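Residues or ranges marked as L-histidine binding site in TrEMBL: A:D100, A:L101, A:T102, A:R130, A:Q144, A:D148, A:R294, A:Y298, A:Y299. Summarising the annotation, TrEMBL assigns domain 'Aminoacyl-transfer RNA synthetases class-II family profile' to A:1-397.
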Protein chains: 2
Amino acid sequence: MQKPSLPRGTRDFGPEQMVKRNFIFDTIRRTFQKYGFQPLETPTLENLSVLMGKYGEEGDQLLFKVLNSGNFLDKIETADVEEGYKKLTPKIAEKGLRYDLTVPFARYVVMNRGELTFPFKRYQLQPVWRADRPQKGRYREFYQCDADIVGTDSLLCETEIVAMLHEIFAGLSINDFTIKINNRKILSGIAEVIGVAGKEAALFVAIDKLDKVGKEKVEEELSEKGLSDASIKKLQPLFAPMTSNRETFENLKDWLQNSQIGMKGVQELETLWRMIRTMGISDKKIQLDITLARGLSYYTGAIFEVKAGGVQIGSISGGGRYDNLTAAFGVPNLSGVGISLGVDRIYDVMEELQLFPENQSVTTKLLFANFDAAGETYSLPLLQKARQAGINAELYPESSKLKKQLDYADRKKIPFVVLIGSEEIASGQLTLKNMTTGEQQKVTAEALIDLLK
Amino acid sequence: MQKPSLPRGTRDFGPEQMVKRNFIFDTIRRTFQKYGFQPLETPTLENLSVLMGKYGEEGDQLLFKVLNSGNFLDKIETADVEEGYKKLTPKIAEKGLRYDLTVPFARYVVMNRGELTFPFKRYQLQPVWRADRPQKGRYREFYQCDADIVGTDSLLCETEIVAMLHEIFAGLSINDFTIKINNRKILSGIAEVIGVAGKEAALFVAIDKLDKVGKEKVEEELSEKGLSDASIKKLQPLFAPMTSNRETFENLKDWLQNSQIGMKGVQELETLWRMIRTMGISDKKIQLDITLARGLSYYTGAIFEVKAGGVQIGSISGGGRYDNLTAAFGVPNLSGVGISLGVDRIYDVMEELQLFPENQSVTTKLLFANFDAAGETYSLPLLQKARQAGINAELYPESSKLKKQLDYADRKKIPFVVLIGSEEIASGQLTLKNMTTGEQQKVTAEALIDLLK
């Protein structure tokens, strides 16, 4: 007999974890709805033709691929096998597992664009799968929570995202966080003014690591990648310690004054800052971070990233504006902006900082102890009355020893137990035990329900 | 450019469908919680060693199998490929997709039995995947909603399941339904009294089709399977038209009087009926159906099935008691009973009978129309105040033509639009348009929020 096990990088969520996870999901969902986003769910299985080529070469490798059902070898020749697994894969696997929520969303928009109302605002809370090497805080199956608006390039959308992030983290009691914001156009402007307009990707892959490896290593990498000393020298303002947003804006306008696209980026962010203030939100938790690049490849405007303070955990949210997400499916020039929240990391932050509210367990409020058949018969209609009054209630299914039943209530965190023995049946005065204080009191059936409902 | 498409048998759920589906999920979840069940989620990916052999040979074929990541051909020889796809599969695929919620639950119980509080009551609402041929009402990716109690053989659990089913369908306004109930022991008793104790499986596979093919075809099939004419003759009481539950019970006691196991089954169901009545639930919607067999292979006690009236849709719920579910994972004799609800069929029933409540859409309640920058600036703080008052609200992101904005509100079913032009800003009297009646009224900002919150 083999002991059953879970695949690496996957997890079961038992009752206690589920309650905490649902608290996070509910808070996010409620906020998304309050801002006019509507729910969408896409299937776990997508055609690999939809997924492949959208996440870079590494992403293609990390996609979980599903073996065609039936005889998948039917049309396979020995020669196909000899060509190696990469060429064989598309011949025996047509489908894969959802890798993120963005590409399926783009597919959905393209397939349904005739019926959708634009600007289309949707949210999506679903698991995704990546064949990454599992490690602490990195799973192969994990949830993403995304909200996107497509069909408008209005900066109001960016403003709304910043407001939503504030509301979500307030709802979760995560009060120490920083929303880092940049703009792809600023990054392009920097590339322009230091004279490496064609080498943006290499530049920003290196800069993105600044936090982790420091200035010297970044400069080393840039040099290896062929940036001239002159270019690297011109890059120095990027390494200036961050002070206030106002100062960063001023320095940036000075630095990028000869780059049209760079100045456009600055202007967009100044508008964003102004709208955020107009909304009544202080910019204390917002930081203009010109070293923020994130999946630079498809962002075209604002770039967002959120870090929680007081913990050593990576970013808990990220997103940005993209202008060509649906282009891969034949619909160009549909601008959108979105934000993605990492539930698993948010969970870890809240655990570490002990931010989960107490008494959140979805549990029974009232347990009817079970002494004998007579008590059971007496309890059954009462049990239903309690439930009809909205009280989560259960009757212990067997007439076991009272200690065992109280232990059950204790372990399940049930706050009240009602004891119904022959004496209680005769008098109509039931014994209600408060499991928190240990106190017992006599109550009638009616009073019991009034008390707990 | 390839047009994107969905894999056969999978679906997107857009905003309107999501709202309806969530109404079903919420009703089921709330009821499960009221009866003391706690949430559990297991991963989509399970090891195939856990799944294979649990669903019969057909089930093994219908499992979606996930190709090992990396070079899955690494240790594969030409000889392995020549042995055919069935033998090759386990060498290139270690993981599969969840096929139902029962086997992962059994695995979870076995892996966590040291920490769980028994009797353990859990519910689970998650999708499952089957490589079945897609057809109307049958999908390859669909949701199941299960509630199970393990660790007790008390008939109170069966009673609770019947009560829960009543509450769930009442909550969904499905008032015309029948809960068919049988007991595996009665089926064994019937096999005993007609003298085919060893041939139960064949007998009940045939009987299960009675509804569809009629008595003659069933008798034909039984004859082909080697039942003697004498046995088939003794089976006649089974074909008697069903009248009242009381009469069925009486006839059954007469018929099975010489079968100990059969009489045990009758006695269990009589107890169940008594407890249901004691709970205050009428047996009008409950039918003792001795031809009900369902996945006979693992049920050992009560068997349940629910059909909705007024529609031609298969069963919307099914379940039963099992005594050996965890035996496959090395833990024998853990008795449990469970019920599974088919969300997709329930959805179809409710659509066909038009049972979904109106105005359930999760949508914006108030749209701020956007005329110009001044109006936008005026609206932003007000927008946040509305949200702080709990009103789902949005500001149209662009100063488009009013017609376009009203059309947006209309299509998104937003009931109120507030118009803020230069006149409104000057006077502080905003124009509130009721999209249902078309009426307009003047309100102050404070009155607007009071009115809608």
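Positions of Cβ are set from backbone N, Cα and C atoms, glycine also.
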Among A:T102, A:Q144, the most crowded of the binding-site residues [Cβ within 10 Å]: A:T102
Protein Cβ atoms within 10 Å of A:R294 (L-histidine binding site), excluding its own: 18
Greatest C-beta neighbour count within 10 angstroms, which of the binding-site residues A:D100, A:Y299: A:Y299
For A:D100 (L-histidine binding site), the three-state class that DSSP assigns: coil
Site extent for L-histidine, whole Å (max Cα pair distance, A:D100, A:L101, A:T102, A:R130, A:Q144, A:D148, A:R294, A:Y298, A:Y299): 22
For A:R294 (L-histidine binding site), the three-state class that DSSP assigns: coil
